Amino acid sequence: MASGEHSPGSGAARRPLHSAQAVDVASASNFRAFELLHLHLDLRAEFGPPGPGAGSRGLSGTAVLDLRCLEPEGAAELRLDSHPCLEVTAAALRRERPGSEEPPAEPVSFYTQPFSHYGQALCVSFPQPCRAAERLQVLLTYRVGEGPGVCWLAPEQTAGKKKPFVYTQGQAVLNRAFFPCFDTPAVKYKYSALIEVPDGFTAVMSASTWEKRGPNKFFFQMCQPIPSYLIALAIGDLVSAEVGPRSRVWAEPCLIDAAKEEYNGVIEEFLATGEKLFGPYVWGRYDLLFMPPSFPFGGMENPCLTFVTPCLLAGDRSLADVIIHEISHSWFGNLVTNANWGEFWLNEGFTMYAQRRISTILFGAAYTCLEAATGRALLRQHMDITGEENPLNKLRVKIEPGVDPDDTYNETPYEKGFCFVSYLAHLVGDQDQFDSFLKAYVHEFKFRSILADDFLDFYLEYFPELKKKRVDIIPGFEFDRWLNTPGWPPYLPDLSPGDSLMKPAEELAQLWAAEELDMKAIEAVAISPWKTYQLVYFLDKILQKSPLPPGNVKKLGDTYPSISNARNAELRLRWGQIVLKNDHQEDFWKVKEFLHNQGKQKYTLPLYHAMMGGSEVAQTLAKETFASTASQLHSNVVNYVQQIVAPKGS
């Protein structure tokens, strides 16, 4: 349903929201002046050389916006978010005329206005102002080539190395460089698209329906309203395989068998557990697209079609639970959304909590607490580096005009957000009751965008006895302090159920750090039943104790080939870091191979830091590896690695 149209049974007289008054300093648009009922994209993709000029790679076509004027006084222009890389060549306006079936679209004037380094305003002028509640249609003809929202990959950046690939990444404010829009999470709308591709290519989108129309055209429709940042497109040499009653995997042909094997049958279990906890899964399908190895992120929760790194193909299903995080966004983030990027914790803190609830049910409390302990360690690391008092270490971040919301991204909304949701559950004191509350919260605010105030008002209404106790102003734990004071969370959930997994890992790491190895004691510990996060925890402890006494790392690798020869990316990263910290040169080739196989930022940068902080041989390895892999990395990652390998001024 478009924003403003409410389905029966979803609290028909819906509460007024604090978010209705909220500003979004990251949008140049006049999104409060219009309701966006529908967007249609009709685009043709061309794979040519990069750069301007005839025949260069690009997407070209039209964007059609169906709008209703919300201004009581009417409006004389529409202002949209756009970007200098988006070349708009024509604008037309179609207005309702009494008795006319479909009035013709008439050309209208338009101009751009500077806004910030990440976008500009596109202003469409109406010859006569539109009236309050009037419906109108704006048609924009445009082309986009090189830019931050549309990522073009050469064949060598893909897994198959044969054909080029293109994908879009919208979060947080990049879709204004893909199509002109209200680029704010405050606005939700339905969309459709018709995408024309060259021979031998397939298009996929974050949409509820995917339909082939002729040999080279694909039609998509999203039946639920979503914010602009969740519209996503990918075009490449793609095939699919069913892995569940409402799920399929998409990948390049050379990856499809591995993807099917890894995810066959498991996604449905995650979805069904989420539905039991948080209510119906409203998006119809849940498909996964395995991106080319140069995709710099772990996952992006585009509805109906999550984009994920091929690093999740571990060969032993050990990283399948990473998908639980993206699935949890189906309720928290995609269904109930932060109204601006300063409230990002509403998307991510709740998603971390939901992920860990699903994980507790499927894998047990000990395992989930161990995973949460690794998350807490990341938060500690982040706060140690930035300083606790850094204003980014608040849940409610004040984003100043001109600041790209992406530049405020860090662990705080995830892990401090998780702690706040855990604290609210702790106040309730009963897990079943809090689960029921979360289901009610999703139902209350589905398809809407909210602020923390909307959520907290609802929480205190739902639990009147807590409201009566004034739990919002308990000294040291005030809701206001949680939101607006930087620093370490005032409350930490108890992770002691994880001790049964953490203690043995710590004790084993201690044995391996000894000058004289006690192989009898070491061999008495069977690590074959350990799950991934227990091994990760063990390797993190080894890394902290490194460099180990001479010969110990070689012996460690020989004793546990399942670690030193792992296919699992989380283990490969840590084994690489250990090898470099201990200058264990006979395994340096494994570091090089891992960096040749993938380009995920989270794995790539720490290994370059470790190489440049290591021996001369390690530093040479860094320079050689970068020289031979730079062409297959994402441009942002190239810039970051460049700064590590050859810092400016060195």
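Glycine is treated like the rest: Cβ placed from N, Cα and C.
Source: prediction; values computed, not measured.
Of the listed candidates (E275, E348), Swiss-Prot assigns E348 to the same Zn(2+) site as H325, H329. Between K439, K446, the residue that has N6-acetyllysine written against it in Swiss-Prot is K446. G298 (substrate binding site) sits 14 Å from E348 (Zn(2+) binding site), taking the Cα positions as reference. Its Cβ placed at the centre, H325 (Zn(2+) binding site) has 21 other Cβ atoms within 10 Å. Apart from G298, G299, M300, E301, N302, the residues listed for substrate, the same chain places the Cβ atoms of F297, T306, F307, V308, E326, H329 within 8 Å of the centroid of those Cβ atoms. Mapped onto three states, the DSSP output places G299 (substrate binding site) in strand. A separation of roughly 7 Å, to the nearest angstrom, links the Cα atoms of H329 (Zn(2+) binding site) and E301 (substrate binding site). Put simply, of the recorded positions E326, E348, Y414, the one whose Cα is nearest the Cα of E301 (substrate binding site) is E326. Among the listed recorded positions, namely H329, K446, the Cβ with the most fellow Cβ atoms inside 10 Å is that of H329. Close to E348 (Zn(2+) binding site), meaning Cα to Cα within 10 A, are none of the binding-site residues out of G299, M300, N302. Of all the recorded positions given, namely H325, E326, Y414, K446, those whose Cα is no farther than the 10 Å limit from the Cα of N302 (substrate binding site) are E326.
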